[in-house]
Amino acid sequence: MNMLGMFCIRACSGLVGRWTATCVRSLHAFPGITVDQIDEEVSKLLQLKAQLGGDDGKNQFVLKTAKGTRDYNPKQMAIREKVFNTIIGCFKRHGAETIDTPVFELKETLTGKYGEDSKLIYDLKDQGGELLALRYDLTVPFARYLAMNKITNIKRYHIAKVYRRDNPAMTRGRYREFYQCDFDIAGQYDAMIPDAECLKIVHEILSELDLGDFRIKVNDRRILDGMFAVCGVPDDKFRTICSTVDKLDKMPWEEVKKEMVNEKGLSEEVADQIGEYVSMQGGMDLAERLLQDQKMSQSKLACAGLSDIKLLFTYLQLFQVTDKVVFDLSLARGLDYYTGIIYEAVLTQAGVAPVTTEAQNGAVAEESVSVGSVAGGGRYDGLVGMFDPKGRKVPCVGVSIGIERVFSIMEQKAEASTEKIRTTEVQIMVASAQKNLLEEKLKLVTELWNAGIKAEVMYKKNPKLLSQLQHCEESGIPLVAILGEQELKDGVVKLRVVATREEVDISRAALINEVRRRTSAA
């Protein structure tokens, strides 16, 4: 940089927003500096000023949400609220109570519980001597809660935000901050009854939300471990191979095998044996066949898991949900804390022809094309014991609804539909057809509020009746209570039905009951 440029930076540093005559005049003291040179350097500084920001000295910045997060407008929130109400209604129908836990936990509470996914935990800076992390899911905090409070029996649901330092794919409902809706049963019960109820709950919620066709895949961690053992996977590689198998819903078998061999160090022979098993799907009949399988029958662990799968399908038949449930040996679910039954619900793409495959017995089977997991869970009998000083275990099984993916689908359906989505629940608008009736309107709206009626009034002294009625049509408010001088004298209110424009005089005393009657079905 030439001497003039260096001087300009020194002389005018910090004054980019204040172009003083002193700064420019001082340049004339340098011998041999022409006006053109001064103008050129001033032009450069003006460009620098434009880059740095306006005259207030504040830097320009882009207004946006953080990566992997989003805002929700009133229409989107109305859809979310409807979905939450459906889910909470189902959880309560099955006898669950609710709890809440902090959004962050001690880091040591979370580490070592999620296998390879632990790298996605959001660490926080040291806070007064405590190393903290944002919660990764609601299951580990629930286990900590049980151990801390010495609870051995509870059926609970918990709906709250969790955080993952993931690469977001927001078009597919994958975020860094998102809600989970968890239902869990903790306690010592007879085998597979609570597990079957969790699957029944998933079936009820997905059916009620009407998201399209779905399948609930089930497997058992013991079957996977037994399969790995009889195929020749070393004990210390069980969990890492399990995480690789878990990618089969996103990657073809050839890529999964390549990862097993090239990255995880398995021989091709062992990988091929695993490949034969993880391609199997079926129901109770598949569990019975595997119990007779020459290799699988050698593993006591696998046999215990297969026996429980048979029992599970017995209960699922009684719950009338077997039409949507499939025993799938490729289902792995990578989280370390699962000890028994595991399951995952996936939506099947509408309008996509099923993939035709040849089953083990030679029959032709049809597999639906998966478009993403919307629920998952399983049994985790050892997690609470990890927090208990004496290692006392509390058997647990639960399910988590992938609510953000559900929201994405519901929003797409709403966009495609012509049906108007209401963002408020106002039942009636208090309006006037004449001037100077603000006080009377405020008295009436107060009566309605005090009676528990959802009511609204415009914040103007003398609004036009047309604008009040247009507001009702735009907002979906079904009723209007119109006041006028004559109505006040007669002790009545003119009740207008917005949809039909029908008007009827109702006595002031009967208005509240009439509003309730007309809006009870809404």
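Keep in mind that glycine also has a Cβ here, set from the backbone N, Cα and C atoms.
Around the Cβ of T139 (L-histidine binding site), 26 further Cβ atoms fall within 10 Å across all displayed protein chains. If you look up TrEMBL, you'll see D137, L138, T139, R164, Q180, D184, R333, Y337, Y338 marked as L-histidine binding site.
Residues annotated as domain 'Aminoacyl-transfer RNA synthetases class-II family profile' in TrEMBL: 39-410.
Considering only the residues assigned to L-histidine binding, D137, L138, T139, R164, Q180, D184, R333, Y337, Y338, the longest pairwise Cα distance works out to 21 Å.
Cβ environment of Q180 (L-histidine binding site): D137, L138, H158, I159, A160, K161, V162, S400, I401, G402, I403 lie under 8 Å away, each six or more residues apart in the same chain. The number of other Cβ atoms within 10 Å of the Cβ belonging to R333 (L-histidine binding site), over all protein chains shown, comes to 21. Sequence-distant neighbours of Y338 (L-histidine binding site) (same chain, 6+ apart, CB under 8 A from its CB) are R221, G378, R379, Y380.
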